[in-house]
Structures are given as C-alpha cells and as structure tokens.
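K.L.:
Okay, handing you the structure first.
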Amino acid sequence: MSYRTRFGKDTSACDSGNTAEGSGSSIGPNEVSNDFDHEIAQLTKHRSRPHQLLSQDVPGKSRLLVSTMKMLVGRESNHSGRGRFSSADGCHVLSRYLPINGPWGVDQSTSPAYVSQFSNDGLFFVAGFQGGHIRMYNVDKGWKVQKDILTKSLRWTITDTSLSPDQRYLVYASMTPIVNIVNVGSSMTGSVANVTEIHEGLDFSVDGDEDEFGIFSVRFSTDGRELVAASSDASIYVYDLQANKVNLRIPAHASDVNTVCFADETGHLIYSGSDDNLCKVWDRRCLITKGQAAGVLMGHLEGVTFLDSRGDGRYLISNGKDQTTKLWDIRKMSSRAMYPGLRDHDWDYRWMDYPAHAKTLKHPNDQSLATYRGHGVLRTLIRCYFSPAYSTGQKYIYTGSSDHCVYIYDLVTGAQVARLNHHEGPVRDCSWHPLYPMLVSSSWDGTIARWEFPGDDQVPTLVRPRARRRRGYYDY
C-alpha cells in the first residue's frame, strides 16, 4: 500500500476572527426558510433546467417541465445550436425517471443488513450484515459476487464500510477502536479474515488511551490517503494510511459522534454529527491556532444519526432522532451552541416511539434551511443522502426509515415524491446509483432490494452510458 499525506497547515483561513452567528428560524413540516430560494434552490434548478430554447413554447415564455419527446426533438433539430444535450438537459430528462419500480432481489441474509453503498462509478455495490458478512457485487456483471468477506474483531455489528477511491481496498468498522482493511482487488473471491487473506487492523486508539470505544462511521478521503472516523468516545479521528497511525484526534462533541465525512475533495473541512443534537464544521487548517470547531449548526432536538455532504464544501443534510432530515448551509453556522432544554430524557429511540407532543416542538435557534418530515428515525442510525449529481442534479434527497420504507423528497419544494414500501424491517441504509435510475435498499429483514425505472415489469437490462465531455457538456 502506498499512501502519502497531502494536507498542509495553511492557517490563512483562520485569520478572519469568530464565526458569524446564524439567525434562528422556525419552519413547519416540509417547509423552507425565506432565504432558501435565492441560493441552493437556484443552484439545483440550474443543474436540471433545460436550455431556454428547448423549453420555450412561445417567445419569452418558458415551461418549467419539458417532455422527453420535446427535448429529443429539440436536440435532433439542433434548437440549442449545440447539437447535443448539456449536462443540465440530461438531468432534466433523467431526473423524472425515479427508481420506484420493483423491487428485484439482490441478496437475502439471515442477518440484518446495516450498510450498503455503490462505488463512486457505480461498477460495484457493497453490503454489510450484522453477522459479520460483507459482500461486494459487480453491478455490470449481473450482480455477481466479486468479493465475499467474513470479518474479524467484530463487536455487535459492522457499523460502517468504505471503499477506497481506486476500488482496491475496503475498510470496515465495528464497536472497537480497530478498523480493518481488505484488499478487494485481489483475484480471490472468498476472503476469510486472516485465514485466506490478511485483514490488516488499523488501531485508532491513541497512546495512553485506556478507555475502549467503538467506531460508528468511517470514510476514505478523496485521494485515498486518509480515513476519518466518528467514535463513541465523543471524538473524531483522522488516520494517515502511509504513516499507519492516527495523526489527529479531535474531542469533538459532548456525546457519541455517530457520523462524519469530508466536506469536499480538498479534505480541509470535516462535518460531524452527534447525540448532543449538533452538527459541527471542522477546518483542519485552523485546529492548531483555534483548537475548536469552525462552527456549530443547531436545529435538531435529538441526536444526529447521519449526514451527507453535497460535495461543494457548503451544503449538507442530516438525519435526526427528532424524526427529521435537515438541510444546512455552513455559512449560517454559529460560534457556540445554545441548548433549548426541550429534550425528553426518559425517551430512548431504540425501543420507544417518538412522543406525540414532541412532533410539534421547534428549536428556537434553528439554523437549517429546510426540514423534511414523513420518515421515521427510530431503532437504529438511519441514513440519508443527496440524489446523484450526474442523473438528477442533486434535485432530491432520500432516506431510509424505521417504518420499513425508503422516502424520496424534492429538495426545493420539500414534497414527498416517492415512498418505496417492501421491507419487513427498518431500512437503515439505501443507495442511488450514480448513473442509472436505480436505488438499492438494505433492511434489518436481511434483504437487499433493487428499485429501478424500466419501461415494463421485466427485469431491466443495464447499458452503461458513454458520455464524452466537451467544453462542459456531455454527448449522449
């Protein structure tokens, strides 16, 4: 393994003083704040809006939605003057074909499915089960099992997996300080820990640490040289794979850190979410001089189970045990947290329903841009995501749910556009294919199910699109 660190300690970004206080908001079910429309809403519309010459019915007037037939006719007639679709034109067409048909079975286990994700290019799909089994499927080869992994050092369950950007290595975490790394690029299909293949253990405990802790979330950096992890000891860890050691430990929150990720490909910013109800933003360039979070995002009334970055270093979404998904702009973050004192300390999301009276409560200093309600975040750390940029322009957000379904919301309007109902247990994780109108859900019923948008009820045949980039546009 050859990895090198690339993060400098540029502190110029830390010289601007304290973070500005974000203004509080009070928003109802699936509503957006007043300043929402002029920013991310416009960015989202821009990514999925057809060319104005394709969308005009009469001069000076444009249609919000343009039929696929009209778009194709316009392209063939070269109405735009380009002779091809732009990426926004393509998103306008593809984003209407939601993956809501099916489902078709991918796999079935006697053990609950905890995590599942497509690789960045959609060639592979990885699923992890509580019993210690991880399977990596080749999507383009009929979901053939590419790697069948039996793990080691497992405590309670596989809490997370992450595939390296070059798709050669996979890491898996459990409720221990050890994250194991597997070479999934080897020719051998079966991988039994330290029997048929070596599963190297990466120790995230720091010298002198006597307390045992578990890891809830782990992610590769974009360059594959580092791992970032969220732990039960209220900390964030960054592991240098070249040096084979932890190079940064941040005492980040007042309770378990359930989720963590890099904000963008630079690796400078890290987002975290915790059972202390807060999302935090960490700027690694500032930690030496400030030693604290770059900012705090308040709005959830219960713990944060998962967060996903839009990839632009500005926007993120989070799932909370207050049964909501929230959309955030880090420019609204505060320099300190204020707790409203509304929490019911007798309530436990693992085995109790959410109190009816709590559903109407609002954080008095809510800094979120939008709140999405309808799904359930109970029993386990339910995950949520932005829809793919390539095919939808990140027009939707989607989430698993404790009511055994997958929910898809329109990011801009907040409307629930789909509810996928099939499973017999909580859907902890789900993943939308980066290119195809395909979504895979994984549930505690042990089922991995595939949802698609074919033209009929037949099992769909996948044809990988060949896109050639020319001056910011794509040929289809």
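From the backbone N, Cα and C atoms, a Cβ is placed for every residue, glycine too.
The compositional bias 'Polar residues' annotation in TrEMBL covers 13-33. Annotated region 'Disordered' per TrEMBL: 1-33, in sequence order. Positions annotated as repeat 'WD' by TrEMBL: 215-249, 250-283, 297-338, 420-461.
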K.L.:
Against the repeat 'WD' (297-338), which of these stretches has the most C-beta pairs under 8 Å: 215-249, 250-283, 420-461?
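P.N.:
Looking only at 215-249, 250-283, 420-461, the most contacts with the repeat 'WD' (297-338) come from 250-283.
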K.L.:
Just to confirm my parser: what is the rounded mean pLDDT across the repeat 'WD' (297-338)?
P.N.:
96
K.L.:
Mind checking which residues of the chain, 6+ beyond the ends of the repeat 'WD' (420-461), have their Cβ under 8 Å from one of its Cβ atoms?
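P.N.:
Residues packing against the repeat 'WD' (420-461) from afar: 94, 97-118, 120-122, 125, 127, 129, 139, 143, 376, 378-383, 385, 387-388, 390-392, 398-408.
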K.L.:
Could you count the residues of the repeat 'WD' (420-461) that DSSP puts in helix, in strand and in coil?
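P.N.:
In the repeat 'WD' (420-461), the DSSP-based counts are 0 helix, 20 strand, 22 coil.
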K.L.:
Tally the residues of the repeat 'WD' (297-338) by DSSP class, grouping H, G and I as helix, E and B as strand, and everything else as coil.
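P.N.:
Counting residues by DSSP class gives 3 helix, 20 strand, 19 coil.
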